[in-house]
Structures are given as C-alpha cells and as structure tokens.
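Feature list (source: Swiss-Prot):
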type: SIGNAL; residues: 1-20; note: signal peptide
type: DOMAIN; residues: 21-83; note: domain 'LCN-type CS-alpha/beta'
type: DISULFID; residues: Cys31-Cys82; note: disulfide bond
type: DISULFID; residues: Cys35-Cys57; note: disulfide bond
type: DISULFID; residues: Cys43-Cys63; note: disulfide bond
type: DISULFID; residues: Cys47-Cys65; note: disulfide bond
type: MOD_RES; residues: Lys84; note: lysine amide
Amino acid sequence: MTRFVLFLSCFFLIGMVVECKDGYLMGPDGCKLDCLMRKGTFCAETCSLRKGKDGYCYAWLACYCYNMPDWVKTWERATNTCGKGK
C-alpha cells in the first residue's frame, strides 16, 4: 500500500512539473498567425507541426493552439511587437 501511495505521489508530481502552454501562434512579424483566408484545417495542422495537441481558428481570426511545448513562441499582450516596426 505504501508503494502505491508513493507511486501516485510521484505521478502527480510529474504531472504538475510537465506543463504545456496554450496560446495564439505568433508569426515572424510578431503578430498572431492569421487564419481568415486559409483552409479549415490550417490551424490544427500548424499546431501539430509545432508539437501542439490541437488548434483552431478563433473568433479573432487567429490560430489558437493547445498543449504546446514551452519553446513555441506564442503571442502575449505584455510582449506584443505586432505593428511596431521592429
């Protein structure tokens, strides 16, 4: 019984450490990756290429992805460089 409790504790600890992020994909220009004029599966395919679990074209007409690795750059309001002429 003690081993089982220890196993469960380790399992939950690993689950808490290995987190994935969700967010809008960011293009090379620093803007959200648009999906307005693209095929319906564009966002899901693009998210998969970046090792995300799934994705869709959100109401803001930008690709939103789930469960992506931390190395994938996502758009954030605080670090927004879109339209600022780098």
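Placed from the backbone N, Cα and C atoms, the Cβ positions cover glycine too.
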Cys31, Cys35, Cys43, Cys57 as disulfide-bonded residues, winner by CB count within 10 A: Cys43
Chain-internal residues near Cys63 (disulfide bond), provided their CB is under 8 angstroms and they sit 6+ positions away: Tyr24, Leu25, Lys32, Leu33, Asp34, Cys35, Phe42, Cys43, Thr46, Cys47, Gly55, Tyr56, Cys57
Averaged pLDDT, computed only over the residues in the domain 'LCN-type CS-alpha/beta' (21-83): 92
Pairwise CA distance, Cys31 (disulfide bond) versus Lys84 (lysine amide), rounded so that it is a whole Å: 10
Distant-in-sequence Cβ neighbours of Cys65 (disulfide bond), under 8 Å, six or more positions away: Asp22, Gly23, Tyr24, Leu25, Cys43, Thr46, Cys47, Arg50, Gly52, Lys53, Asp54, Gly55, Val72, Thr74
Per-residue Cβ crowding (10 Å cut-off), top of recorded positions Cys47, Lys84: Cys47
DSSP three-state assignment for Cys43 (disulfide bond): helix
DSSP-derived helix, strand and coil totals, residue by residue, for the domain 'LCN-type CS-alpha/beta' (21-83): 11 helix, 20 strand, 32 coil
Sequence-distant neighbours of Cys82 (disulfide bond) in its chain (C-beta under 8 A, six or more apart): Asp29, Gly30, Cys31, Lys32, Trp75
